[in-house]
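Enquirer: Quick one: this structure, given as structure tokens, is what I'll be asking you about.
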């Protein structure tokens, strides 16, 4: 950005600040938020470094992690039949598409970094900063990339070592993963995006291999001598497609748990919204890149499930205890590809870590702009590398705490599960928030007419309703007793992570009472 462009943007920011001060001096009141930026924000000039394909790969990397390599076996076991399992995966794709529609609308209204921070601030401007404190406590205090860093490290070590790695080696490798992510995104932003794009393309390549392998096996069968070395063929998975509803489990808790697993596998379609302030042509980009990424991922997930079912019997998938992708490749190509599969899973998960940390750095920076976080002056800065190094560093710090100081077992699983539950609450609010804005008379005022809330199409309203109801289900699901043998913890109650997340929201409320109670936009 040239010096003249910077001065123009700074002058525009100063003019907005003076206008707000005049409104406040004349006792201007508003029913809900009316400005895209906080009245307390400082001018941060973001370089437009994210193009169309980088936006697509930001979403790819977040959505395609370990879920599609492991979750299908869990979903099949809980649903009991191929028919119900595939139906749930199709439903998950539709929910992701509906959610993307919701986030496209919000992103076009507020094409700035921070995503839900801006949407929640618009919906709930009063009490001042309360919503931001609740949001910040649930996201900024969680090192939610630590779990994926562990998975990436675990499969990397499995690919290169012949023996089980020690706990210390696993923790050190996880630390290396999360630190490499910090350095890529905090020091060399362009290279961070390039590595993300490369890993996103690699994930598509891996899923294409899986799908091609599955379809070839479905057509030709698996040679009796695994490894494609010749011999008579056998069809280990064709029976899966004959009576697809056989064995269906209609237990409500099993179906709830299966659907819950599917929906979380599609988590991440909103990842590009966190960096819209750095996008080139953000409104046009998110309108095309978001839906395109979701459609491609949903199709890949469905065809990958078909591939898994083509290369292994239902009994093998359910009872093997292995990654379903490893089972398929071992059945077709033999054990010699095992290390390749492990490395592919490791790199895929590393891409997810990059996408998670990339988004969280922007969230922390935007919260710091509002003064919600301690050391806000430090966290809000893009110095010295034109990247939110300090905001990324805050997330790195919490990840390191989890990696080195949270013991493996129930406590570690609890912390990892806590990283995703708050999104169900947030997604519920932003979904039903669109419906509220459509029906609220005040949204038709001149002040809010620029957003066109009353002009939302029926398809958008249906998507918001569909996505909102699904997330209400995700809020409730952890409190439904799981089937015997599927409990997420050995000693802790199955609802522990959900209860802990509500406690985090409560902590955010306490922080608001200490820091902001009694404040108004004018003071």
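Every residue gets a Cβ built from N, Cα and C, even glycine.
TrEMBL: automatically predicted annotations, no manual curation.
What TrEMBL records for this protein is below:
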- 50-69: transmembrane segment (TRANSMEM)
- 89-111: transmembrane segment (TRANSMEM)
- 132-156: transmembrane segment (TRANSMEM)
- 168-187: transmembrane segment (TRANSMEM)
- 199-218: transmembrane segment (TRANSMEM)
- 249-267: transmembrane segment (TRANSMEM)
- 288-309: transmembrane segment (TRANSMEM)
- 340-359: transmembrane segment (TRANSMEM)
- 389-407: transmembrane segment (TRANSMEM)
- 419-439: transmembrane segment (TRANSMEM)
- 460-480: transmembrane segment (TRANSMEM)
- 492-514: transmembrane segment (TRANSMEM)
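Please go over these features one by one and say how buried each is and what sits next to it.
Expert: Same-chain residues lying 6 or more positions outside the transmembrane segment (50-69) and placing a CB less than 8 Å from one of its CB atoms are 96, 148, 151, 193, 196-197, 199-201, 203-204, 207, 264-269, 271-272, 275, 278-280, 285-286, 288-290, 292-294, 296-297, 300-301, 304, 323-325, 345, 348-349, 351-352, 354-356, 358-359.
Panel annotation: around the transmembrane segment (199-218), residues 56-58, 60-61, 64, 68, 235, 237-238, 296, 300, 303-304, 306-311, 325, 328-329, 332-333, 344, 347-348, 350-351, 354 of the same chain, lying at least six beyond its termini, place a Cβ under 8 Å from a Cβ of the stretch.
Taking Cβ pairs closer than 8 Å, the transmembrane segment (389-407) reaches residues 140-143, 145-147, 149-150, 171, 174-175, 178-179, 181-182, 185-187, 357, 360-365, 368, 373, 375, 378-383, 415 in its own chain, all 6 or more past its ends.
With a cut-off of 8 Å between Cβ atoms, the residues of this chain six or more beyond the transmembrane segment (419-439) that come close are 99, 102-103, 105-106, 116, 119-120, 123, 135, 138-139, 142-145, 147, 264, 267, 451, 453-454, 456, 460-461, 464-465, 467-468, 471-472, 474-475, 478, 497-498, 501, 504-505.
Among residues of the same chain six or more beyond the transmembrane segment (460-480), those with a C-beta under 8 A of the stretch's C-beta atoms are 94-95, 97-99, 101-102, 105, 252-253, 256-257, 259-260, 263-264, 421, 424-425, 427-428, 431-432, 434-435, 438, 494-495, 497-498.
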Enquirer: With the transmembrane segment (249-267) as the reference, find which of 89-111, 132-156, 168-187, 288-309, 340-359 contributes the most Cβ pairs under 8 Å.
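Expert: Stretch with the highest Cβ contact count: 89-111.
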Enquirer: Under 8 Å for C-beta pairs, could you tell me which stretch among 89-111, 132-156, 168-187, 288-309, 340-359 has the largest tally with the transmembrane segment (492-514)?
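Expert: Going through each listed stretch, the top one turns out to be 132-156.
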Enquirer: What residues elsewhere in the chain lie close to the transmembrane segment (132-156), defined as a C-beta under 8 angstroms and at least 6 residues from its ends?
Expert: 65-66, 116-117, 120-121, 165, 170, 173-178, 181, 342-343, 345-347, 349-350, 352-353, 356-357, 360, 363-364, 367, 370, 372-373, 394-395, 397-403, 412, 415-416, 418-420, 422, 425-426, 501, 504-505, 507-509, 511-512, 515-516
